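Working notes, structure below.
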Amino acid sequence: MAAPQDLDIAVWLATVHLEQYADTFRRHGLATAGAARGLGHEELKQLGISATGHRKRILRLLQTGTEEGSLDPKSDSAMEPSPSPAPQAQPPKPVPKPRTVFGGLSGPATTQRPGLSPALGGPGVSRSPEPSPRPPPLPTSSSEQSSALNTVEMMPNSIYFGLDSRGRAQAAQDKAPDSSQISAPTPALRPTTGTVHIMDPGCLYYGVQPVGTPGAPDRRESRGVCQGRAEHRLSRQDLEAREDAGYASLELPGDSTLLSPTLETEETSDDLISPYASFSFTADRLTPLLSGWLDKLSPQGNYVFQRRFVQFNGRSLMYFGSDKDPFPKGVIPLTAIEMTRSSKDNKFQVITGQRVFVFRTESEAQRDMWCSTLQSCLKEQRLLGHPRPPQPPRPLRTGMLELRGHKAKVFAALSPGELALYKSEQAFSLGIGICFIELQGCSVRETKSRSFDLLTPHRCFSFTAESGGARQSWAAALQEAVTETLSDYEVAEKIWSNRANRQCADCGSSRPDWAAVNLGVVICKQCAGQHRALGSGISKVQSLKLDTSVWSNEIVQLFIVLGNDRANRFWAGTLPPGEGLHPDATPGPRGEFISRKYRLGLFRKPHPQYPDHSQLLQALCAAVARPNLLKNMTQLLCVEAFEGEEPWFPPAPDGSCPGLLPSDPSPGVYNEVVVRATYSGFLYCSPVSNKAGPSPPRRGRDAPPRLWCVLGAALEMFASENSPEPLSLIQPQDIVCLGVSPPPTDPGDRFPFSFELILAGGRIQHFGTDGADSLEAWTSAVGKWFSPLSCHQLLGPGLLRLGRLWLRSPSHTAPAPGLWLSGFGLLRGDHLFLCSAPGPGPPAPEDMVHLRRLQEISVVSAADTPDKKEHLVLVETGRTLYLQGEGRLDFTAWNAAIGGAAGGGGTGLQEQQMSRGDIPIIVDACISFVTQHGLRLEGVYRKGGARARSLRLLAEFRRDARSVKLRPGEHFVEDVTDTLKRFFRELDDPVTSARLLPRWREAAELPQKNQRLEKYKDVIGCLPRVNRRTLATLIGHLYRVQKCAALNQMCTRNLALLFAPSVFQTDGRGEHEVRVLQELIDGYISVFDIDSDQVAQIDLEVSLITTWKDVQLSQAGDLIMEVYIEQQLPDNCVTLKVSPTLTAEELTNQVLEMRGTAAGMDLWVTFEIREHGELERPLHPKEKVLEQALQWCQLPEPCSASLLLKKVPLAQAGCLFTGIRRESPRVGLLRCREEPPRLLGSRFQERFFLLRGRCLLLLKEKKSSKPEREWPLEGAKVYLGIRKKLKPPTPWGFTLILEKMHLYLSCTDEDEMWDWTTSILKAQHDDQQPVVLRRHSSSDLARQKFGTMPLLPIRGDDSGATLLSANQTLRRLHNRRTLSMFFPMKSSQGSVEEQEELEEPVYEEPVYEEVGAFPELIQDTSTSFSTTREWTVKPENPLTSQKSLDQPFLSKSSTLGQEERPPEPPPGPPSKSSPQARGSLEEQLLQELSSLILRKGETTAGLGSPSQPSSPQSPSPTGLPTQTPGFPTQPPCTSSPPSSQPLT
């Protein structure tokens, strides 16, 4: 179309569906179509148009306007002939490339634009008349056939000879300098039915349009007609703009003679799709103009500013929760902003039609910069005339959805390539969204009930629809939109250039995007599924959009020339009218019709060469695999032979007689599609066996023969290269699994390079190759031969196994519960890829499993499964995969291969079994064990363990790290520390990387410490991810160790001297390495960017470990706790990690997920159990679990407290999970007793109680206006049940523990008890938001359950209050100092024999341990230190330890009246002393210890006040200096400068 000079740039670009670049043109001063003239490829690139197809469409539009403008009769330049360039300056001939839209013509310096010929528009250039299709062949005059044809000289394109109506042309140079003529005879062609227009291939391929034809009306005379057609074509484009949105339909120049005169005007727009059109769908990411941290006012109205990272890219203002978040929390488009204005206190307002956004900057200059930038963009927008507010787009689907992690429902709008989320439909109309999710690279996963997940590379979005049908509709629409982002319409546009191919050959649906290659038909998606059911021997189905890599130019040409109309004349020539298939047909009739049409051939006429239909199908399948595809297919599908007419053939490329195509000796172009990989060579083929075994032997009687193998339609094995008949063959459908055999232990006897094929029926055959290259080539070829296309790109080096698998996973929704999904598994390295493949069952979604990050690999025996087949269970974080093979033989092979790939065995850091944080499990396990049990051990990492045990433990970790469980009673701290140091020392490459050692030393030589630390950060950033994460974990652990230097005597200098030889793998005498490691430990906070919350968490865990002995803390800083389910039994116990931010709701969901418990009608509530089950407190879903557990250390018996999950009826506890509040206050008559007794006495009395707000009121009468007593509920705890010793009047009561008293309230029935309890809980947490039942927490995906793979610290959202409360608790514990008496230290030592070998001298200074470590009390006795160390109590369970020797004395001070039990001898190895001596010594120790504790308790009770009792401290009975437990007698060691000094 012609582009007027003043035509708006947006309207001009809309003609080619590229209006999204209008703002880009306007920003560069190109507001009209006339201003865009003169642009080229480079200029468009500089504008930011990166998509090649988009640039070509704009250039084509510019070229069209230039041609029509140059031929304008009002233009003087159009009347003058343009001089032809000299022969020596003629541009080079373009070389055609497959599926290239335009070929840029380069030449001497001219003013032409890319794609235009220098002779274009000259009067001396002419072209041949194009024959019009007509029903009967009419004789053409000799004058027309022999007329000289003038055109632009083009390079002959033999690939597209079927479209060349002239053949090769001989160029003849004329003496006139302004013309060049090329003449060639035009052979008479078989006319078509109007579906294909024979065009010049140069015109179609390069977009060059020849002008000026002898015998045709003059261009200037027909200008009015062309203009009318162009205007009508534009209107048609406007009407079909939405239907063709996204497709690059390149228009041909407005030459009316190119179009068939038999076509009507309304059909013109349908023929504008070129066979060589292109499609590009790329979104250009804008560069932010402004970005930074700002404070944003919360919309809740409580005047709270939230820290947000804000970006402005010229089109929209986005704010994020963090600068690393991929998705924003809100998007404000520029078109929705009315104005911006600044206000006081460094704030500025962004005003929209719906809301005013308030941001606060750090300075006035920053505020002015934001305001001026936004205001200038607003002015530019108004000058350019953008609508405000913007017109909402027409999305594919809209509706309200629930988003996990979002309080209210969101309004979702699905557009091509993007899913937009808005707060409401009004926000959608204004364009103010939450975030916009690009669908490229995403996947859709349907979950339970009404939920589905959208998996992006950065985050998982979990949605819940209103119903199951809406869920399916959303999932289908999203899946189609995701597939659309992967589509390439280049091949489809070419094939659709034939109008007959724009409708399905079977049902008539529009825009079919599939094709049956051997049948020559283009079909829709629904029919393609039925074609695939026919089998590859009948219909070979390929996608036009997804399988573009296998579409050769010859196949594309075949479909353009043939067309669905010609193919249907062959396949449905005898089909009665009205009996065809309709687009809305159901799968049943559709499949029956397609089977009758193609499998049986009921609707075609008899073929002259193949009377048998099965022979015809075999010939069609063979034709696409042989050379001369076009010739063979057109001969087989020759409908004219049935009608008694002369057969039609495409013209020959040399202009000879049609149908006489020369034979092409080259291999067929379509071999890569039908026969995916053709390969041949010699293989050592063993006979087929029914038993799995090693690779075939190379010598001896059982050595396999060397056969010539050819991989084509089947794997054929010949005796020699020249043998005519194969000895045996294998069909691709017979192969179940391909496996690369592991190298044998003795390569001399067997083939070191071999692979195996497991066949159907439980058979296996081995093949040996001559080398590694041959093995890789054969496995890749065979893998491509029998596997689906989705597996091909994954084949390559490192392939271990490939074959069919059945998959079942709770995360993948199947049509019915327990239904297995069919797919292909590909094992490569340590990754298992699951690919979708057609099969008898529903296809499995594509997925990937990192085997070295698995938590568990197990096999379920056939006796324990309902289908009586073995299942392989892969437990990953957050999900469990069940795999099943086709038979027992391939399942055994898969089990061995996956187990071997998931194991370790290597000495490289990357070869270890990893945790979720990419940290080797051995490092995580050792650090966790030392953190839990060794921080208080004096000389930790300095004292060595038994070398034999350390080597054995390291070998176990390398063999299978996830199966190693470090337990205090079985493993010793010294052995674990030796194992950790040995692991780092024996790595192939040190964790700090040997290639970066010079940079480490260079950084250590810098004079300033700040410079050194910054340089260390740079070097750490250069490390691989696994090295970087492992080093950070190790340094963080050493930082915690040196924080306890007052107890373990291990300062930073000592740790650096010990670990430098292992971390850097040096001799240990290098001063630089020791200095680097020492400064890394000291500067851990700054070097690794540890925030304040994490620092407080580290301090908290160190305080807990050093004060509370029975706590277990992993190196990640989370508390490891035991949670029971329904009953306090060992089998019902689950161990997991509890972070400071974990709520009771999240804990419940995690435990139920770990146990695989399905949600029912009952609610699961977490209870805090005290008094061995007498008191149960239901935790509010929003309560922090760790904050409650920290208070157990104040109990007389901390081991009596635990966590328990119980099912509660919905009617009793349902109100805890809703936001509904009671309209009237809770009031009722209860029987009450308080302790200590004051007003109510020591008996249960009936009183009226009123719950008002956050206070519990005691009323004299029900209608009393003034209460007698009032108790605030802040900090109160309500427990179900009353201690039995108080003899409650009813079994239904609850205990309210206040700050200085206990209140016991008895109810009439259980419902009343639950009503009061839940009302008190809701009153205490009335400011919390209502929770969602059985919804995963926001940190479920990032938090790992406790096993042998702990995680790095997980930072919560609001851990400040939790940490503050925990620190306050710890301060009180430090002041009281009672923990050391209640929790004796557990020590882990070797056996008696090993201690004799490695006996160390007794230290002169006392070894300070907690009270209960008996060596302190008998330091002056004659018993040796090594003997008394064996008597330390070792509880079996760290959290629920048994009664130790000091617990009878604790029961005396208990207020709960626990009975005393006689002391039991502690378990442990036998000592050298006699039993009588040891028994008398124990009795003496117990008596002395009890007298000391009782005397100290009486003394402190007499001196201290009742409100603030002081904690007892045990004096030294032997005259040693009194020492507070946990503190040394001398200050910790300090760093010494010389590196050669021994350890202090």
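Every residue, even glycine, has its Cβ placed from backbone N, Cα and C.
When DSSP labels each residue, the domain 'SAM' (4-68) comes out as 42 helix, 2 strand, 21 coil, counted as helix, strand and coil in that order. Taken from Swiss-Prot, the feature domain 'SAM' applies to 4-68.
Residues or ranges marked as region 'Disordered' in Swiss-Prot: 64-147 (among others).
Here Swiss-Prot flags 167-194 (among others) as region 'Disordered'.
Taken from Swiss-Prot, the feature domain 'PH 1' applies to 287-379. Mean pLDDT across the domain 'PH 1' (287-379) comes to 85 in this model.
The feature domain 'Arf-GAP' is assigned by Swiss-Prot to 480-611, with sequence analysis given as support. According to DSSP, the domain 'Arf-GAP' (480-611) comprises 62 helix, 11 strand, 59 coil.
The zinc finger annotation in Swiss-Prot covers 504-527.
The domain 'Rho-GAP' feature in Swiss-Prot is assigned to 907-1088.
Positions annotated as domain 'PH 3' by Swiss-Prot, on the basis of sequence analysis: 1223-1325.
Taken from Swiss-Prot, the feature phosphothreonine covers THR1348.
Summarising the annotation, Swiss-Prot assigns phosphotyrosine to TYR1403 (among others) and lists similarity to another entry as the type of evidence.
Among the features that Swiss-Prot reports, phosphotyrosine is placed at TYR1408 (among others), with the record citing similarity to another entry.
Annotation source Swiss-Prot lists region 'Disordered' at 1422-1544 (among others).
Among the features that Swiss-Prot reports, phosphoserine is placed at SER1444 (among others), with the record citing a large-scale study or a structure entry.
According to Swiss-Prot, the phosphoserine annotation covers SER1480 (among others), on the basis of a large-scale study or a structure entry.
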Residues in the domain 'PH 1' (287-379) grouped by DSSP into helix, strand and remaining coil: 19 helix, 43 strand, 31 coil
Summary of DSSP states over the domain 'PH 3' (1223-1325), given as helix, strand and coil counts: 18 helix, 41 strand, 44 coil
